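Lifted from TrEMBL, the feature list:
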{"type": "BINDING", "residues": "Asp168, Glu219", "note": "Zn(2+) 1 binding site"}
{"type": "BINDING", "residues": "Asp168", "note": "Zn(2+) 2 binding site"}
Amino acid sequence: MLLEKLCNSVALPSYEDEVRDLIKNSIKDFIDEIKVDRMGNVVAHKKGNGKTVILDAYMDEVGFIITAFNDDGTLKFTTLGSVDEKSIPCKDVIIGDKRINGVIGFKAIHLQGKKEREENIDIEKLSIDIGAKSKEQAKKYVSIGDYVSFTSEFSKLGNKLVKGKALDSRIPCYILIELLKENYDADIYAIFSVQKQVGNRGAIVSSYNKKSDITIIIESGLSKNSDNVIDKGPSLSRIDGNVVCNNDVINDIKTIGEKESIPCEIKNNKNKGNSGDFYVENGSKLVTVSVPCKYMNSAISVSSIDDIENTIKLIRGYLKSL
């Protein structure tokens, strides 16, 4: 299953090579042209004679980077992206291109005092154990600057849910790959962008390089009880960061959903902002389409297969209408 391969691959900010290669191999038979820009974004062109449409999905995931060695052979680290700090302790990780196994160590609860148990997690007090007995031994396997990734394996939960690491980025990539398998009258640029987790750096570059009539940002959105609910279909954002999404495009997509009996909802809350801020500066009509996702920015997330498939159907239907 392609989504499983995407989730089990590693792609931290600036270390997206593994997922980038998988994406390129997955789309090469369905597009007219593919390039990798100097930033590392994959830009795929599916030629058409109609309106120019940019479809954007980011590749990278949250994780860590090694910063120092402790005398006892454990490793100090810091975050890459906004990792949920409460989810960090006692997780399996892999380190660097050598895929060194490690565990994020944490003081056992029966050794903690009352104050320690009540405090927030302090990353400075955590370390990664790779089984080394000394600093010198650890240096044989790991280097300063090596990336660190969670290792949660992809699998199904029941009949209609999936769990895995990096679902929030790999679901949009999977959706975009599936969309490219169809033919459209529109002139499509599919951008698989890099370094979203550290400031949307890939999207900043691609937004200057490509201009479009319409931009569709495909993302995973935090699922809550009242908004962006799992199994209720994708959500359309009215506000994405500092940008008000285009009402005409939102209504057109919503009409497609109603005609095709594809469930979708309008987000009630303000989206915290993705790469849409940069594309809209070029005059593009923007919409953000979100797939509900539980437990984002942690070692493992959960999403619905039906929501993923309905997002593909909804965007495909809109592109066919152009």
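Glycine residues also receive a Cβ, built from the backbone N, Cα and C atoms like all the rest.
Unlike curated entries, TrEMBL annotations are predicted automatically.
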Conformational class of Glu219 (Zn(2+) 1 binding site) under the three-state DSSP mapping: strand
Cβ neighbour count (within 10 Å, all chains shown) around Asp168 (Zn(2+) 1 binding site): 25
